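Visitor: Below is a structure I'd like to ask you about.
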């Protein structure tokens with residue numbers, strides 16, 4: 001009995017220890033299956049992740065290859081363009097008139113004046129410098145300026161034992177520049193607010209019936225608010241300038257930016273308002289149009305890009321370049337630094353010695369005449385350097401940073417034979433704005449296609465703002481610039497109208513040299529006279545009346561004698 005129980009117990013024990021029971025076998029199988037499933041799932045996830053990374057690498061490589069191909073194609077077209085310039089376009093550059101972007105040189109087409117056309121193109125000097133002969137002339141001009149600078153420095157060192165680099169006008173002229181930057185930021189921020197206000201007018205006017213009295217009142221209210229904004233912006237900017245007493249150079253830069261902002265805002269509103277006014281609220285798809293694209297209302301990024309773009313004519317899209325060439329930016333920045341130092345050198349060494357004593361004592365008429373004629377060359381150099389610095393270097397930096405492709409900021413004004421074409425070629429950026437938003441509107445809506453009055457309106461607007469910038473920057477009203485623009489400018493347009501090419505170009509350069517010399521001379525004389533005369537008041541009348549002719553002014557030399565040049569005794 002006992003042995004039988006022991007055998008049964010041993011058999012049971014063998015059943016348990018020798019092979020799995022029915023309850024433990026399924027658990028072991030499930031564990032193996034789950035483990036294999038987890039391994040397979042991890043393997044699949046790794047493969048999917050690897051596939052995703054491979055797709056990303058392929059996409060990135062395809063984009064890089066596409067970018068490199070685009071750049072290679074652009075370089076190829078640039079080389080072809082340069083070869084074409086060197087071999088075929090020299091005649092056009094030196095003799096024919098380049099396309100000004102308006103078509104038919106600005107004449108009327110189909111009863112209306114043409115619009116500005118933007119296209120990818122370099123600045124004229126950029127293309128001309130590809131010709132080695134023109135580049136050599138540029139090098140010669142730079143070397144002459146360096147020699148002039150070294151000549152003056154050596155004379156100072158030999159005579160006085162010290163070196164005067166002529167940089168005092170930089171520190172004096174750009175005083176409180178940080179305040180000018182702060183005021184500029186405030187002006188820039190206020191221009192950003194124009195877009196939401198314009199959008200509010202556009203979106204809300206659709207709530208009124210088309211052509212109803214309420215809609216017209218809403219439009220008139222928006223127009224009134226726009227005019228109040230422009231006037232308020234103008235007065236606030238001038239108040240800030242006078243309140244902080246910005247230095248002349250800082251003031252000129254600040255007031256030029258103020259004018260640029262006002263022109264930009266007007267260009268945006270004037271270009272988009274007609275589309276909004278012509279939009280019909282009763283269209284079948286009116287409710288389906290998104291508010292941001294309603295009646296062609298541009299998106300905010302387009303408005304922001306326009307505020308910084310080197311143009312004053314608004315478009316929703318501009319031709320763009322593929323990349324930013326940082327070497328070009330650095331090169332033009334170096335040119336700006338050199339031009340600023342040369343401006344300072346001209347003021348310190350060539351102009352200040354001629355006029356720094358005005359107001360201290362009586363100046364003879366002979367001394368005034370000599371100072372006037374000695375100012376012709378510095379005035380011409382100042383004008384040329386200002387043109388190159390502002391319209392070539394600064395504009396090309398802005399265009400390069402924003403990838404703005406249309407860089408025709410000026411034309412070959414130095415080859416012009418009439419004053420009218422010179423005015424249109426000197427500053428194409430400002431001329432395009434005046435043509436599009438002043439001359440064109442005046443011809444088509446104000447003066448009923450009577451162009452002489454529209455021309456006078458353009459000259460008046462330009463002369464007023466030029467004179468305003470100088471008057472506020474130097475703290476006196478001396479309307480030399482206004483007289484040059486409004487009187488002599490209009491007169492030269494008619495005098496040089498029918499002149500031959502060579503004669504007209506010669507007289508144009510002669511008039512520019514004399515005009516710049518007189519301009520620099522009279523403003524320098526008034527500036528130093530106000531610095532040296534002790535009895536100048538602070539009333540508005542004192543700012544309006546020049547003091548250089550009354551406070552220790554010019555005395556006539558009655559003992560002038562004329563000796564024949566061939567008399568050697």
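Please read every residue number as a count from 1 along the shown chain.
Every residue gets a Cβ built from N, Cα and C, even glycine.
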Visitor: According to TrEMBL, which of these ranges is transmembrane segment: 328-347, 408-427, 428-447?
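Guide: Going through 328-347, 408-427, 428-447 one by one, TrEMBL flags 328-347 as transmembrane segment.
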Visitor: Which of these ranges is annotated transmembrane segment in TrEMBL: 298-320, 367-389?
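Guide: The listed stretch tagged transmembrane segment in TrEMBL is 367-389.
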Visitor: Give the range, chosen from 93-114, 115-136, 137-158, that TrEMBL lists as transmembrane segment.
Guide: 137-158
Visitor: Which sequence positions outside the transmembrane segment (367-389), separated from its termini by at least 6 residues, show Cβ-Cβ distances below 8 Å to it?
Guide: 125, 335-336, 339-340, 342-343, 346, 350-351, 354-355, 410, 426, 512-514, 516-521, 524-525, 554
Visitor: Out of 137-158, 179-203, 476-494, 506-525, what stretch is closest in contact terms to the transmembrane segment (328-347), meaning most Cβ pairs under 8 angstroms?
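Guide: Selected stretch: 137-158, with the most Cβ pairs under 8 Å.
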Visitor: If I count Cβ-Cβ pairs under 8 A between the transmembrane segment (476-494) and each of 137-158, 179-203, 223-256, 506-525, which range comes out on top?
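Guide: Maximum Cβ contact count belongs to 506-525.
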Visitor: Run through the Cβ atoms and count how many others sit within 10 Å of the one on residue 466 (active site).
Guide: 15
Visitor: Which one, 137-158, 179-203, 506-525, has the most C-beta pairs under 8 Å toward the transmembrane segment (223-256)?
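Guide: Maximum Cβ contact count belongs to 179-203.
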